[in-house]
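TrEMBL lists 41-60, 66-87, 108-124, 156-177, 183-204, 216-240 with the feature transmembrane segment. Residues or ranges marked as Zn(2+) binding site by TrEMBL: His88, His217, His221.
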Amino acid sequence: MSRDKARGTGFAQPQEGSLPERAVAAAEGLVEAVKPRLRGWLHLGTAPLALAAGIVLVVLSPTAPAMAASAVYALSSVLLFSTSAIYHVGRWSPRAQKVLRRMDHSNIYLIIAGTYTPFIMLVLEGTLRTAMLSLVWGGAIAGVGFKLLWLNSPRWLSTALYLAIGWVAVLFIPELVQGTHPATWILILVGGLLYSVGAVVYGLKRPDPAPRWFGFHEIFHSLTIAAFVCHYIAVSFVVYTAA
């Protein structure tokens, strides 16, 4: 009788969670259980180093514009590595995991724009500087919005967007070459290639040498660290010689 009354009301009985929610939670729990044991630890070790290096860069900046550009770059770097470490090392509820995943993926766009900022502000001039800052940060903001609205977008699409925004530097290569020491733009190029290879590894999920310890994602993280080192040195050259 009580069951019939419940049916007659037209309301569903309370449940712990909907079927899709339980399925997603189960899938995320499975991924958590089988992820490589080094997942996130590389970025966890890099985060405090990026913070220290960023502080040095800002403190030693010789001019106000250089200091502002250094601060933007340092902040984007620390956000990238610290958020990635928190997301990948910790064990989170499905809701917290979604929030951290959005932040983690969005920070990739921010590190791209943050890395460009010192070069654009300190090497370029006039209208070109304004145009490139608008283009780079407009692209980054659009990328962040894209990730916030479509978290589960196809991996190939995210990879393509990262690469497109990352290689916008080709639009001002002549000015960059003329305005910097050869070592600077060579480091920029090498760092860009490392980031790009990492993006391809992330997109293809290959190679995946040791899934229990060091998989494709750890290769991706290793390449981002190597690229960051190259770009940090290049940024330092530009910042410390700013007039």
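Just so it is clear, glycine is given a Cβ too, placed from its N, Cα and C backbone atoms.
Please treat TrEMBL annotations as automatic predictions, because they have not gone through curation.
Everything TrEMBL records as a feature, shown here on the structure.
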residue: His88; record: Zn(2+) binding site; Cβ neighbours (10 Å): 22
residue: His217; record: Zn(2+) binding site; Cβ neighbours (10 Å): 21
residue: His221; record: Zn(2+) binding site; Cβ neighbours (10 Å): 25
CB contact flag for the transmembrane segment (216-240) and the transmembrane segment (156-177), at least three pairs under 8 A: no
Long-range environment of the transmembrane segment (156-177) - Cβ separation under 8 angstroms, sequence gap at least 6: 105, 108-109, 112-113, 116, 119-120, 123-124, 128, 132, 135-136, 139-140, 143, 146-147, 185, 188, 192, 195-196, 199-200, 202-203
Surrounding residues of the transmembrane segment (41-60) on its own chain - C-beta under 8 Å, 6+ positions past either end: 67, 70-71, 73-75, 77-78, 80-82, 84-85, 88-89, 218, 221-222, 224-225, 228, 232, 235-236, 239-240
Close approaches to the transmembrane segment (183-204) from elsewhere in its chain (Cβ under 8 angstroms; 6 or more beyond its ends): 119, 155-156, 158-159, 162-163, 166-167, 169, 173, 176-177, 216-217, 219-224, 226-231, 233-234, 237-238
Non-site residues, in chain order, whose CB comes within 8 A of the mean position of the CB atoms of His88, His217, His221 at Zn(2+): Arg39, Gly40, Leu42, His43, Ser84, Glu218, Phe220
